[in-house]
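Working notes, structure below.
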């Protein structure tokens, strides 16, 4: 039996997020405390206003939408809620990506689209949010209640009288689906959908017939009572047994280490993970998709564990350890670098949101990650041996070779300057591609946000996600690193950023194609038509809003552009097109691409 962790499909347990709308740092987003019930006037006691009030109550103050005839009345009632702002997007895909970015910061996001043509357009973004365990409420304006159960054929459908196609598509990428075509059960269906979204930390689908939003009903006659979601609890006996077994396993190890994974977020266990690291003295790293979930300024933080493309000296310490605790990992082909991790299951403790597995031995269910890590911190002996080993072999990272005057700009020089821009008042959004690898090497100051979409890896995600993230935290300046190929997929919603007066800095890295795919498998299909990107953004700007664009080809121009973007144009959306050589990539992408190519190219097993 193969015991290499990087080649196993480990159990992915059901997410457990007990705090409603919980952002990555463990703080609970705003949910109004219990207030005396207020009777509504009939104009306010409608389905649409109830939905709007519920969204605000769980922490959504911005909803991303694309209007269509089936959702127009619903949008009227949503925008009538004073605390809810409608953010009109250029297309449904970007509306979904924006809700994804918003949920990463606020703990929950929402989008509104129209029936089928909108729903099937946004579904790719919903699938991405599902893969990343993000609470996202996808609201669709549905057909008139009188059309259900008839033989009528409606527009925006595939020409059949069965209207369930959209619903069936969403069933695999949402954890709950509510089709509201009867006012009598609308209150129950809406509340069940939203509460399920928060409890499961997954997207939900709510379809609301177009003739229902303005109808009053007695169930909507009072201010909705705030959710009081029943918290998930650990089985006390199971928790004690798991902690005892884990403590025995780790306390006899000579050089144990800890690695945080992306499910720390859904388990609301980021703080507990850091508390454990502080208590036991083990060096700790993060998997690439967990970057930004735990603070990097802690003294025992050793970087990103990503197999052969890890932060320097990190993989050597992790893979040579005689025991490792992985909290919330996802071992897929990308995170395992083509299933090439040098890990052994018998050395590992795998902690999932509701399950603990120790080595090849016992497994404990109904044990919440947050509870387990906090109790384990009380039982572990202090052991910093592995960190001392790391300190002995560590050599400070070298800096890029100094560029000659007017020398064509190199990618490593670009990211040296991006590093200098980071602070607790910034956040980084990394697009799928070489930005994955270059941004992983950035050292995040305390309070600096960081997001990317690794599990789903949909190119173009970052444009919408940047829009949503910046809308969620206007006090931070978002720095978005986007490749030219990805930008061509979703560029339109730079327009929405301008409409909403966002002050994001976008670095458009123009290297002439899909570089990440070139390094996996090259071909003429990876070359794209070059655009005048600054000209495109200027055309979108069209003199409305605050926008500044520039194109840089060398370090001198880059330095000047950054000084302008952070100085005179600090209140503008700044778009900096960076021209680099088509073969200028990180060394990590070269290594990773060859290993993923090998994994993709494995021949079929003999039959």
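Note that Cβ sites are derived from N, Cα and C of the backbone, with glycine treated the same way.
TrEMBL lists 46-150 with the feature domain 'Thiamine pyrophosphate enzyme N-terminal TPP-binding'. Marked as domain 'Thiamine pyrophosphate enzyme central' by TrEMBL: 243-359. Residues or ranges marked as domain 'Thiamine pyrophosphate enzyme TPP-binding' in TrEMBL: 453-578. According to TrEMBL, the feature Mg(2+) binding site maps to 484, 511, 513.
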Cβ-based neighbourhood (8 Å from the centroid) of the Mg(2+) site, residues 484, 511, 513 excluded: 483, 485, 509, 510, 512, 514, 515, 528, 582
For the binding-site residues 484, 511, 513, the one whose C-beta sees the most other C-beta atoms within 10 angstroms: 484
DSSP residue counts for the domain 'Thiamine pyrophosphate enzyme N-terminal TPP-binding' (46-150), split into helix, strand and coil: 50 helix, 22 strand, 33 coil
The domain 'Thiamine pyrophosphate enzyme TPP-binding' (453-578): DSSP-derived helix, strand, coil residue counts: 58 helix, 28 strand, 40 coil
